[in-house]
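Only one structure is covered here, and it is reproduced in the block below.
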Amino acid sequence: MRKNSKVTQREHTSEHVTESVADLLAHEAPLDYKNSSLNVGGVPGKKIVLEPPENDGRPAWNSKLQYILAQVGFSVGLGNVWRFPYLCQKNGGGAYLVPYFILLILIGVPLFFLELAVGQKIRRGSIGVWNYVCPQLGGIGVSSLMVCGFVGLYYNVIIGWSIFYFFQSFQYPLPWAECPIRRNGSLAIVEPECEKSSATTYFWYRQTLNTTSTIADSGGLNVKMTLSLLVAWIIVCLAVIRGIASSGKVMYFSSLFPYVVLFCFLVRGLLLKGAVDGIAHMFTPKLEKMLEPQVWREAATQVFFALGLGFGGVIAFSSYNKIDNNCHFDAVLVSFINFVTSILATLVVFAVLGFKANLMNEKCVMENGEKILGYLNSNVLSHDLIPPHVNFSQLSTVDYAEIYAVIKTVKEGSFAELSLDPCVLEDELNKSVQGTGLAFIAFTEAMTHFPASPFWSVMFFFMLINLGLGSMIGTMTGITTPVLDTYKVQKELFTVCCCIIAFFCGLLFVQRSGNYFVTMFDDYSAGLPLTVVVILENVSVAWIYGTKRFMQDLEDMLGFRPHAFYFYMWKYVSPCCLIVLITATVIEMAISPPGYNAWVEELAQERFQSYPPWALAMCFSLIVVAMLPLPVVFIARYFNLMSDGSNKLSVSYRKSMMKDISNLEEVDEARSILCKNPGETPSPKPPSQAYLGPPGTNPLENPNSLSPNSCYGTSYQNAISPPPPPPLSPPPPLKSTHG
């Protein structure tokens, strides 16, 4: 019991203490009700902000640094390393940074700030937050939870792949450095599938995934990947089993270590031959690309997913903050760190890819030089075509380009029969590689040429594990926090059960055809549903609740009024951008044939294949299942088939919600309950109650402030309970703690 409660005061002082039923129930000291906005007869316009209780038993971050690292760890993930560099390369190099930065300002920062603010003010996960803001749109939180579940299933598989490569890296030479040799008696030949592709490609598709040639052929479980997935889920479970008490400590390492590795790789990469070519290629802007709508759509999508909007993890993390934490500063800081991290990762990737491109180009020159020598020795080509200064034993790319141009001009009619490649460095740099292809094929191949390659390989995959772990902790928090806030279940038991169920569901992704299902879930389970979730979040706050009232709430919470820039972003710009993004996403899905890139063993190449009918149905089922809670909850609550969720909230949460007072008779009833005499001024609400609105408004006189059967614009201060409760019975006699 609090030391300043009235019960304790009664024991230690003989002074008269005025009590009320509400005070006794809340065990809180009375406030200066004369200055409270709830004082019906008080001075108008003079108010005090009544904050929700922070001693309600809810966990809290040990420090601001721990919280920032958690948000950074969640937002900075694998996409920063293998998605952003690919988009930068594909969409005009340095020119792509312009639309990305513009959309980060117009969409990313405002919506990230919005999610931080609602989570911090309401102090609940996604389900509790949107039940609180607008019960009819309470399906937003459930949809977020569904998407987190889908993403977590396949995202942890990628961590499992990284774990497998991490342990394989403790070998010299690296197991993917050379093609395996097949022996047939005394005859030794290079594995044909590896010879047709490359050593790193063969190791990925055959020795790691052992993939089938079609999604229809499951091929059974891959034992190595199944064990790796089990290890990944054990790590995640241990990291989140105690909530932020355990995950917060993990974040100190998992969020900071990737930056150490990225800086090490950047320094090492800049010392490699050809690194400058790769970085110059990245920052050479192709300004004409900025006029293409596709570039802006992909930039908006990357901004959207880079910050983790709509997943519920951002809201869950911020719900453990103090009520007066400066979440505006947090939003700007985390968004800036995310953007800088993407630039840093892109520098590292292009430095290494520049080195790899130079190696591949030199190899191309060497192989084609040998072809030309063969043609010269067989008199297919004349020696007069070769400039006298050319030395085939040390053939440079400049000399080869000169020879290639001469031969192509002289042998114009039969040049194609010579099968000579141009060997242009720019062509190697333009080869777009993303996702698993970048991490497990292109990057691993480059590292085989590093001195002390096992060391760099261990560091790289340990970095991927930590990047993935930070995102998985946020994803799992987006699942556990809303459920634990809504239902009384044991945290540790629920977390363990979630991880066990997720592991068995994840067996779908560790079949031999599992990587095709990873692609399917990545393409369909999150994109469109999350975009719909975020636009509904934006609309529910900016249009249903009201942007002006929300800005006033922020001023009460933060102690300053955010810039008017956010008002216009939330009210007009961000919703319009999101609507355009949804439209573009639907059009893209309609015109692009649904399919996947399958590895064909006979050709040792990837080939695009369309999904069979059952897989196509599965794709669209992922979208429907993720979005289904939105209309279901809306219809159920519109027709009063479902409660608004307040009956499942914790006691401290219910205490912070304002009762529905719609007429003067109910006001008098409330006075008669809360006061000794009906004519007296009512006792003030305990500190667990929240401020009801902007200055100058009287909540008891506003007929539109509360409406139990609609999206009633409840702010984080103006929440609705079910209809007014019956009169409270007198409290039980107080007993002395000493007797």
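Each Cβ is built from the backbone N, Cα and C atoms, and glycine gets one as well.
Per TrEMBL, the feature transmembrane segment maps to 67-85 (among others).
Taking all protein chains in view, 24 other C-beta atoms sit within 10 angstroms of the C-beta of Asn80 (Na(+) binding site). As annotated by TrEMBL, Na(+) binding site applies to Gly73, Val76, Asn80, Asn338, Leu467, Ser471.
The transmembrane segment annotation in TrEMBL covers 97-118 (among others). Sequence-distant contacts of the transmembrane segment (97-118) (same chain, six or more residues past either end, CB-CB distance under 8 Å): 88, 129, 133, 290, 295-296, 299-300, 302-304, 306-307, 309, 314-315, 318, 327-328, 330-332, 334-335, 339, 343, 534, 537-538, 541, 554, 557, 562, 566, 569-570, 573-574, 577-578, 716.
If one looks beyond the transmembrane segment (139-167) by at least 6 residues along the same chain, the residues whose Cβ comes under 8 Å of a Cβ in the stretch are 78, 125-131, 208, 224-225, 228-229, 231-233, 235-236, 310-313, 436, 439-440, 444, 457-458, 461-462, 464-465, 468-469, 471-472, 475-476, 478-479, 482-483, 502, 505-506, 508-510, 514, 517-518, 521-522, 525-526, 529-530, 532-533, 536-537, 540, 622, 625-634. Residues annotated as transmembrane segment in TrEMBL: 139-167 (among others).
Residues or ranges marked as transmembrane segment in TrEMBL: 225-244 (among others).
Outside the transmembrane segment (256-279), and at least 6 residues removed from its termini, the chain residues within Cβ reach (under 8 Å) are 69, 76, 341, 344-345, 347-348, 350-359, 425, 429, 450, 456, 459-460, 462-463, 466-467. According to TrEMBL, the feature transmembrane segment maps to 256-279 (among others).
Long-range contacts of the transmembrane segment (299-320) within its own chain (CB-CB distance under 8 A, at least 6 residues past either end) are made by residues 58-61, 67, 70-71, 74-75, 79-80, 83-84, 87, 91, 96, 99-100, 103-104, 107-108, 111-112, 115-120, 122-126, 129, 141, 144-145, 147-148, 151, 244, 327, 330, 334-335, 338, 342, 471, 474-475, 477-479, 481-482, 526-527, 530-531, 533-534, 537, 577, 581, 585. Residues annotated as transmembrane segment in TrEMBL: 299-320 (among others).
Sequence annotations record features per position, and here TrEMBL assigns transmembrane segment to 332-353 (among others).
Residues or ranges marked as transmembrane segment in TrEMBL: 455-481 (among others).
Proximity of distant same-chain residues to the transmembrane segment (493-512), defined by a Cβ-Cβ separation under 8 Å and at least 6 residues beyond the stretch ends, is recorded for 149, 152-154, 156-157, 160, 209-212, 217-222, 225-226, 228-230, 233-234, 236-237, 240-241, 476, 479-480, 483-484, 518, 521. Look at TrEMBL and you will find 493-512 (among others) tagged as transmembrane segment.
Packing against the transmembrane segment (524-545) from elsewhere in the chain are residues 111, 114-115, 118, 130, 133-134, 137, 140, 143-144, 146-147, 150-151, 154, 301, 304-305, 309-311, 570-571, 574-575, 578-579, 581-582, 585-586, 589, 619-620, 622-623, 626-627, 630, 711, 713-715: each is 6 or more residues past its ends and has a CB under 8 Å from a CB in it. TrEMBL lists 524-545 (among others) with the feature transmembrane segment.
Here TrEMBL flags 565-591 (among others) as transmembrane segment.
Among the features that TrEMBL reports, transmembrane segment is placed at 611-639 (among others).
Residues annotated as region 'Disordered' in TrEMBL: 675-739.
Per TrEMBL, the feature compositional bias 'Low complexity' maps to 698-710.
TrEMBL lists 711-720 with the feature compositional bias 'Polar residues'.
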Interface check, the transmembrane segment (225-244) with the transmembrane segment (611-639), three or more C-beta pairs under 8 A:
no
List the other residues in this chain whose Cβ sits within 8 Å of the Cβ centroid of the Na(+) site residues Gly73, Val76, Asn80, Asn338, Leu467, Ser471, in sequence order.
Val72, Phe74, Ser75, Gly77, Leu78, Gly79, Ser255, Pro258, Thr341, Gly470
Residue numbers, six or more beyond the limits of the transmembrane segment (455-481), whose CB comes under 8 Å of its CB atoms:
70, 72-78, 80-81, 124-126, 144-145, 148-149, 151-152, 155-156, 158-159, 162-163, 165-166, 169-170, 174, 235-236, 239-240, 243-244, 247, 250-251, 253-255, 257-258, 261-262, 264-265, 268, 308, 311-317, 319, 439, 443-444, 447, 491, 494-495, 498
Distant-in-sequence Cβ neighbours of Val76 (Na(+) binding site), under 8 Å, six or more positions away:
Ser255, Pro258, Ile337, Asn338, Thr341, Leu467, Gly470, Ser471
Other than its own, how many Cβ atoms are within 10 Å of the Cβ belonging to Ser471 (Na(+) binding site)?
28
